[in-house]
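First comes the structure, then the notes that go with it.
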């Protein structure tokens, strides 16, 4: 829809459903930030997210019915699937902890995916097309869908880590607890170096940070749990991809650009989990590692695809 032809949009229900989901998320976005400033989660935001997820579900089912194959074979379909997975992950996380910070952190990701798919991609990349012979395999659903869901979980978890950094900004908070955020010993370090456990009588500037401690710990725990799920799914996705590659091309690993960046992504999040489980890190330092992972996923998924390089690329600049 590079030229944004309104007639072609209204005649194509798949594109129309995507735009409807975009409109709902766009409506929810300012509401998310208002809820953060108000300090309370909003049932209206969750309702809009739920409706957008239902619209994306209907869009994917309709494209599946139209094309006759699982709708994840081109960049438009994979972006819509990623938006669906991001909104679903966000809803599941908010069910665990209904905080406005979750919606404010994660909603822009789903919105950005749909916006890029609907307004930036050329028309030929938005249309359903027959699968190439190598993709006509039952591994398509197993490998690609698991990888995309892992990306969604890792993206949402990393965005929650960014929220940890934003919450702790300028307050020098350091969280000390178990890897799942329970039984925490939390301390604040003042500019002069004074340290106090939360809840213990201390200087006024330390007492004022108790709410931020609780918020940071919740965000940090949710980020850790979400990233753990995403990491496990990414591991399964990489292994299933290796098996599929061996069947299709006779090689378990070919150092294709997407494979290489997927490995880099796996190593970054493995380092994140290592720092938490083995080193006992929590709070800002692992959040910085997760933020690096956010950049790596964007390069792995969008950067490689748009350059049209390798067997995994959907193409754009060089072969569109």
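Quick reminder: no glycine exception, Cβ is built from N, Cα and C everywhere.
Taken from Swiss-Prot, the feature transmembrane segment applies to 14-34 (among others), supported by sequence analysis. Within the chain carrying the transmembrane segment (14-34), a Cβ under 8 angstroms from the stretch's Cβ atoms is held by residues 1, 8, 42, 44-45, 48-49, 51-53, 55-56, 58-59, 62-63, 66, 80, 83, 87, 100, 103-104, 107-108, 110-111, 114-115, 117-118, 126, 128, all 6 or more beyond its ends.
Annotation source Swiss-Prot lists transmembrane segment at 68-88 (among others), citing sequence analysis. If you look at the transmembrane segment (68-88), the same-chain residues 6 or more away from its ends with a CB under 8 A from one of its CBs are 18, 21, 25, 49, 52-53, 56-57, 59-60, 106, 109-111, 113-114, 116-117, 121, 125-129, 131, 135-136, 140-141, 144-145, 148-149, 151-153, 155-156, 301, 305, 314, 316.
Per Swiss-Prot, the feature transmembrane segment maps to 101-121 (among others); the stated evidence is sequence analysis. Listed by sequence, the residues of this chain that lie at least six past the ends of the transmembrane segment (101-121) yet keep a Cβ under 8 A from its Cβ atoms are 1-2, 4, 15, 18-19, 21-22, 25-26, 28-29, 32-33, 35-36, 41-42, 45-46, 49, 52, 56, 75-76, 79-80, 82-83, 86-87, 89-90, 93-94, 155-156, 159-160, 162-163, 167, 215, 219, 222, 302, 316.
The annotation transmembrane segment is assigned in Swiss-Prot to 146-166 (among others) on the grounds of sequence analysis. Packing against the transmembrane segment (146-166) from elsewhere in the chain are residues 72, 78, 81-82, 85-86, 88-90, 93, 101-102, 104-106, 109, 216, 219-220, 222-227, 229-234, 236-238, 240-241, 262, 265, 269, 283-284, 286-288, 290-291, 293-294, 297, 301: each is 6 or more residues past its ends and has a CB under 8 Å from a CB in it.
Per Swiss-Prot, transmembrane segment is recorded for 226-246 (among others), and the stated evidence type is sequence analysis.
The transmembrane segment annotation in Swiss-Prot covers 260-277 (among others) and is backed by sequence analysis.
The transmembrane segment annotation in Swiss-Prot covers 289-309 (among others), and the record cites sequence analysis as its basis.
Within the same chain, residues 89, 93, 137, 139, 142-143, 146-147, 149-158, 160-161, 252-254, 259, 262-263, 265-266, 269-270, 272-273, 290, 293 sit at least 6 positions outside the transmembrane segment (226-246) and bring their C-beta atoms closer than 8 Å to a C-beta of that stretch. Within its own chain, the transmembrane segment (260-277) is flanked in space by residues 147, 154, 179, 224, 227-228, 230-231, 234-235, 238, 241, 285-286, 289-290, 292-293, 296-297, 299-300, 303-304, which lie at least six positions past its ends and keep a Cβ under 8 Å from the stretch.
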